[in-house]
Amino acid sequence: MAPQLDGFFKQVDNDAGHYIERLRKAVAIPSISAEPARRPDVVRMGEFLADELKALGASVELRPLGDQPGHPGLELPPVVLARYGNDKNKRTILVYGHYDVQPAEKSDGWATEPFDLTVDDKGRMFGRGATDDKGPVLGWLNAIEAHQKAGLDFPVNLLMCFEGMEEYGSEGLDDLIVAEAKKYFADAEAVCISDNYWLGTEKPCLTYGLRGCNYYSIEVSGPGADLHSGVFGGTAQEPMTDLTRLLGSLVDTNGKIQIPGIMEQVSPVTPEEESLYDNISFTMNDIHESLGSKTTIFDDKKSTLMARWRFPSLSIHGIEGAFSAPGAKTVIPAKVIGKFSVRTVPNMGIEKTNQAVFKYIEEQFAKLGSKNTMKVYEQHSGKWWVASPKHWNFSAAAKAVERVWGTQPDFTREGGSIPVTLTFEQATGKNVLLLPMGSSTDGAHSINEKLDKRNYVEGIKLLGAYLHYVAEEPKV
Ligand SMILES: C[C@H](N)C(=O)N[C@@H](Cc1c[nH]cn1)C(=O)O
Ligand SMILES: [Zn+2]
Ligand SMILES: [Zn+2]
């Protein structure tokens, strides 16, 4: 089956160094979507991708999305839409990925410069975006190029949609997907997204579910300017005191969300679901390795996987305006903004969750009896998604995993979020598959994010092999 794969694999092995150089160029562009000052870099990254795709012979469009909501005059980065191949006798597959990244500063604790791809003697390629999601996005381009260089026919028509705002809730993309579902994406017969991670370091997986994410800010202000704590301490009501008490009321040490109206929305565990967890190749050692410590809430595999995949969680991310430098500054910050998010699961609603969060925080603030001013609002949100893996899209991917990695994949859900996944499914009416490239120790969103050279090179083979097996799936 898929007789051309040996030639394709050989070409990928030959050109591994070239693919790493392509990733190096991409990582060097600090395309941080959360920082408005970096917007020109995000745009430059979109243009870099468009140029690379054009050089490969794809037809490419850079679609503007207008201004970012709440930021008049700040344009959203363009969506890169591309098509490679237009043969009516071939299947058409739509792939999605993102070219923006999370913020990163060397001073956060990186061992190397985050935007300078650094390959160590174990083949670990360190750099912001290496695994999330520049490596996988370039994987599709590398697969096209390898076919060209090996003189092989590309097995499918490939539609591509690469965005630059995924790490900020994919603002603006839902509307484009809906508008293009019956136009640019009309031929798509299935969707594939490579933007998540294996559960461990050795066993590949195919993913059929994601949690959603509602992201919030709590703003507390009082004094007209930052104050001297010797002069004003004990006389002024301090915004930071109020904010930390509010943040401290949201969740307990064991992750139990304290907000009424959240857990009540969660769909009950069915006996069928209970039996799924035993067969997943995952141990507490895997999570201890990727966590870098043994500080897990649960001590068993099933509770840990359930907490990650099918229950909501609440995480506190940071405080804007607070003193955070080393040393000891005796300041009373005048205005502080706490950031937290709730990962959502079936059957939680975005609006219902917002209302529960707002009500609870307003009640908690009223209880403080503070004269300060408090505002709580949603920054962005993304929906959860759970699909059926019983589809030819998943069967083709499973064959590709077996061919490339010599083992059968696990079928997993993911604790992270990819906001447009459900939109692709609903707008196109097609099956969506998540086909990860990176492993559990990659440290996406963390310091020292990396992608192993092995996962990158075999991952390029995996994406290409998936397209070959898709082409062999009978049309029903
Ligand atoms: C799983 C994916 N690679 C990812 O990292 N997604 C982000 C998306 C996001 C950011 N804000 C809200 N959603 C994530 O899960 O944090
Ligand atoms: Zn991602
Ligand atoms: Zn991410």
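Every residue, even glycine, has its Cβ placed from backbone N, Cα and C.
Automatic, uncurated: that is what TrEMBL annotation is.
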Handout entry: Same-site Mn(2+) 2 binder from Asp13, Asp15, Asp41, Asp195, given that TrEMBL records His98, Asp132
Key = Asp195
Problem - Binding-site annotation, TrEMBL, Mn(2+) 1: partner of Asp132, His445 in Glu163, Glu167, Glu171, Glu402 - result: Glu167
Practice task
Within 10 Å of each Cβ, count the other Cβ atoms and name the one among the binding-site residues His98, His228, Arg343, His445 with the highest count.
Solution key: His98
Fill in the blank from the handout: Across the domain 'Peptidase M20 dimerisation' (214-365) the predicted model averages a pLDDT of 97
Exercise for the section: Just give me the nearest neighbour of Asp195 (Mn(2+) 2 binding site) among the recorded positions Asp100, Arg343, Ser417, His445, Cα to Cα. Expected result: Ser417
Practice task
Find the one among the recorded positions Glu166, Glu167, Thr330, Arg343, His445 whose C-alpha lies closest to that of His98 (Mn(2+) 2 binding site).
Solution key: Glu166
Handout entry: Inter-residue C-alpha distance, Asp132 (Mn(2+) 2 binding site) and His445 (Mn(2+) 1 binding site) (nearest angstrom)
Key = 8
Completion exercise
Reading the DSSP string in three states, the entry for Arg343 (substrate binding site) is strand
Exercise for the section: Under 6 Å from ligand 1 by C-beta, which of these recorded positions make it: His98, Asp100, Glu167, Thr330, Ser417? Sequence order, please. Expected result: Glu167, Ser417
Problem - For His228 (substrate binding site), the three-state class that DSSP assigns - result: strand
